[in-house]
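Reading through the structure tokens given below for one structure.
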Amino acid sequence: MSCQSPIVVALDYPTMAQSIEMAKRLDPEQCRVKVGKELFTTAGPVILDELHKLGFEIFLDLKFHDIPNTVANAVCVAAKAGVWMVNVHASGGRRMMEASANALQKLPDNKTLLIAVTVLTSMDQSDLIEIGIDATPEQHVKRLAALAKSSGMDGVVCSAQESSMLSAELGKDFVLVTPGIRPAGSDQGDQKRIMTPVEAMAAGSHYLVMGRPITQANDPIAVLTQANADLGLMA
């Protein structure tokens, strides 16, 4: 049964054993899980198989950014591995994104969502200026998100602060995936643009990525259950 919750728990662990241990403390009916660079690099594709065996839908968060053919092949491999969602960097440009979208469309019965990363939530305007982009994060997100949609992406990763703007400009069916989500009162960590789950959904986000507030809690399933209850789910 497909997960009805918008919450995606980030399994940001250095070993497969730790990630599987945490996954076993969660409920695939209450969340999806995200596999990022550290975990995938140490564990390899086998981590996807193990999480699928536990019943989880997986967001493979590798942020591909390379020449069009390389990225197109990579997202196809991810889709064939059965991941629910995979992402690429919008800054890779139109040809890279179009090649990826077209490659997935050619796969029989493909259901993998293809999402573009806009501006990392750890970045602020000073970071953009340092890499030669004379724009606010909001302006650059808007530019990259529009490019992503016109290039065939299913949606983008963006901060909750940009969700309302993007939903209004690009349509409510354009999927918005929001990291930097933390329950009220949580430590901000290294995310500079954050919101609570309720605030993010109200702003137009479709999926909410949560990491340490759940994975470092004494009772992760209790925090997850409460977050879903706050959203009017599984109360």
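The backbone N, Cα and C atoms fix where each Cβ goes, and this holds for glycine too.
The active site, proton donor annotation in Swiss-Prot covers K63 and rests on sequence analysis. The Cβ neighbour count for K63 (active site, proton donor), using a 10 Å radius over every protein chain in view, is 18.
According to Swiss-Prot, the feature substrate binding site maps to D12, K34, 61-70, T121, R182, Q191, 211-212.
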Subject >> Integer Å distance between the CA atoms belonging to T121 (substrate binding site) and K63 (active site, proton donor) >> reply: 14
**OP:** Could you tally the C-beta atoms, other than its own, that fall within 10 angstroms of the C-beta of T121 (substrate binding site)?
**Re:** 24
Subject >> List of residues, in chain order, with Cβ under 8 A from that of H65 (substrate binding site) and at least 6 apart >> reply: V71, V88, H89, S91, G92, M96
